């Protein structure tokens, strides 16, 4: 089906969708026994070795990289942010598809034989749909979360519980979308002229419902393509376009501090990283969807000898999307890069500098969430700069009268504000600068936000 790894014989799909289950066996026998070359879709040995290396490297990198990403987030408290939890969800989907789907389909496509039984013939496409749907909807959830945090910073953001609920909802929707495949797939074994037995896993309609089943399967393919590619990609294009206007198009009022400028740069780096992830996803999966559009309009394409190898290349490109994300995180995010170095610290030549121990201010402020969280004590303006404390706008006399209370709090939070008396006589401008720095510190403690 569309959105899933297809049969190793592209021609089998046209055979299966052009007839019902009672005479499909006869057509398959005729194709295998009377076809001028029953090994037409079997690749030469050197090409099999080449494709095995490509798929093997992709599976190892995708599985290993995504497992490391999961470890980095779950094993380090400062990395447990809303965005990072969604990245864990994405890594789980990518790990699942690379281990439970790609391996089996590659073996099938390479040998034109399905040795894994009828049950897994039905389960395999279900796993494919679940993981693809979970991946794209997780990317869409990240874009919406970034949109709310940057475009609407004064609105409450998702907490940990809400994030987990969204992730669970994504998986439930993904499972629901995959269930029709139970009725679409089955296996069939046939004897070859050389005495061998070949088993194929194919899409076949039920007895007596040829036209209805064909239409149902094709309608499902079209809906799947729209719901898991065009609609999510369109939504993410809109959200990231609006985010880009906010981060690159707006200007702060007044002179921004160095801390505020750095905070905006951090936000831009995160958004750039997620934009690259989305673009690579779209590029990797576009040829896959185009392929199924083409063979639906021109079925004869699948009878060519090169169809098998073309599909292998398209399928590899689509599945390779699962190995790029960990590379992007490591390349564009210093915290993930440090996590990868820490994971491979046992390797010779890998050195990682030790971060200084958490200062008391960091330990005390670690309970604060990222910008826009419900428990945050202040908010960012639309361009990402911090708002001032209301204390700044009070008359000088009120400021000095309430100073002991304020200084008692800031002395506890930041070692830099250690002596109360030094601020009683300090100019208000200096106090504004120190409180703004403190405000920024409270908002930039927890991982990737």
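Here the Cβ of each residue, glycine as well, is placed from N, Cα and C on the backbone.
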Which listed span TrEMBL calls transmembrane segment, if the choices are 122-142, 248-268: 122-142
From 23-48, 49-74, the residue range that TrEMBL assigns the feature transmembrane segment: 49-74
Correct range for transmembrane segment (source TrEMBL, candidates 195-217, 310-332): 310-332
Segment assigned the feature transmembrane segment in TrEMBL (from 86-110, 336-360): 86-110
Arithmetic mean of per-residue pLDDT over the domain 'G-protein coupled receptors family 1 profile' (65-329): 87
